[in-house]
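Residues or ranges marked as domain 'Major facilitator superfamily (MFS) profile' by TrEMBL: 55-498. Taken from TrEMBL, the feature transmembrane segment applies to 50-73, 93-114, 126-146, 158-176, 188-206, 218-239, 309-331, 351-369, 376-397, 409-434, 446-464, 476-494.
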Amino acid sequence: MFADEKIGAETHQEHKDENNVAQVKVVSGDQAFAQAMLKEPPKTWSGRSFILYACAVVAFFCSTCNGFDGSMFNSLLAMEQFRKYFNVENDGAWTGIVTSMYSIGSVVSIPFIGPAIDTWGRKVGIYIGASSIVLGTIIQSTTLHSSNAIGQFMGGRFLLGFGVGIVASAGPTYVVETSHPAHRGVVTAFYNTFWFVGSILASGAARGSANLTGNMSWQVPVWLQMAFPGLCILLAWALPESPRWQYVHGQRDKAKAMLTRFHGEGNPNSVWVEMQLNEYEEFLELDGADKRWWDYRALFKDRASRYRLACNCTIAIFGQWAGNGPLSYFISAVLDTAGITNSITQLNLNLGLNVMQFGLALFGATLVDKVGRRPLLLFANIGCAIVWIGATVSSSINANTGSRSSGAAVVAMIFLFDAIFSIGFTPLQALYPVEVLSFEMRAKGMAFSNFAVSAATLVNQFAYPVALEKIKWKTYLVFVIWCPIQALVIYFFIPETKNRTVSCTRNSVNNEHI
């Protein structure tokens, strides 16, 4: 006969043997999580849950800010009026330099991410980053009649990248730390799908303004870029703070109150409240490196920490190098290689792609806790490699014959690539890097993740415009080779984090691969 006593992250199971001697087994971590699911099933659709989902959506807007720029600049390059005003083309060195200013700003933000998120809190980090994006948008949008329009436009893009660097770390960190443990995987996976909300609105705005005369055709989507960071600024102060951040900053009562309200449905003795408070007590360091903005030792203090950081940065880089980078920022030039050069047709295709990707990314987000992280990542990389083979063959035929059927095949391959990537990779681009880190590592570790993304993006933005200009479709051979390499690295070195609490994910990494 068993008698279970739930004590937060630990469950004491008392069993009497044949000599009537009590034996106590302590169950903690993932086992405690599984027992909590049985004893107190979470209320997915309660009023308090919906409030917490709404708070997560505000953080999702951080991803929307990033998605808006990716699609907007892509659409601008397809606009004849924009290219004429700046006297540029949609490929080549200038395009790479201007696009890369966004990534350079993101890299420069790295030393400021830790102080913004760790010192003042997750929601303050969202506010600071969003404010920089708004300022960058204003500078970028007021280039008309400027004596140095190109320089001012590049300066605005630098500030945009700086702000996105901060919100791209603060947003997923906030979501993973405030979500109910039972919903954390799916909710955090939804974070990156909102990249497409910004992308759809940007491509829609560009398509809608394409018929406007003069510079207004590209000014409208540029000004609209401040909409979502503006919402973040207005709504960030209404968000509850991360209970983990509150706990390690001496605000234990506030942390418990937040957990009680949203995770315990108002019950301070809820299994979920006690489990998380005991996890905080066991795993969180009250005088850790996250209290010192200059201290990055937590990222490298032992082999396990270094491995977690390596997993974080690996997935961040792979999420940019599967071939989605050129398709995100340079689809206009990619479509040129398929013989599709009409700007309106390109804008229509870009809008259609974004709508499809958003729907499939939402579907992929629902699979992260059912299928697991590793199977989705393997599916995405193997599938993308196969599609790139088809795209390379179709593009080479089109280059030699100019046939409409081969051009249509290239477009079909682009849609198929984006479908596979959206299902398998998009939901995990924010989820996996943030959940594989311990709390003490999280803010600074996400800064490193942001650096990895920016570095990978810089390679895309400098190399691929020039490659598309010089060697055309042969550029795609890089991805035919590289995607299988990514799949092999994931198979052998990236651990599964499915159905584990945030704190116990660290044990998963340690036990499986260290």
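Every residue, even glycine, has its Cβ placed from backbone N, Cα and C.
These figures come from a predicted structure and were not determined experimentally.
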Tell me if the transmembrane segment (476-494) touches the transmembrane segment (158-176). I count contact as 3 or more CB pairs below 8 A, with pairs 6 or more residues apart. no
Would you say the transmembrane segment (446-464) and the transmembrane segment (351-369) are touching, if the rule is that at least three C-beta pairs must lie under 8 angstroms and be 6 or more residues apart? no
Suppose I define contact as three or more CB-CB distances under 8 A, residues 6 or more apart in sequence; do the transmembrane segment (376-397) and the transmembrane segment (476-494) meet it? yes
Sequence-distant contacts of the transmembrane segment (188-206), meaning Cβ under 8 Å and at least 6 residues beyond its ends, amount to 56-57, 59-72, 74-76, 78-79, 171-172, 175-176, 179, 218, 220-221, 224-225, 227-228, 347, 350-351, 354-355, 357-358, 361-362, 364-365, 368, 422, 426-431, 434-435
Same-chain residues at least 6 beyond the ends of the transmembrane segment (446-464) with CB under 8 Å of its CB atoms are 96-97, 99-100, 103-104, 106-107, 109-111, 113-114, 117, 161, 165, 168-169, 172-173, 299, 309, 312-313, 316-317, 319-321, 325-326, 329-330, 433-434, 437, 475
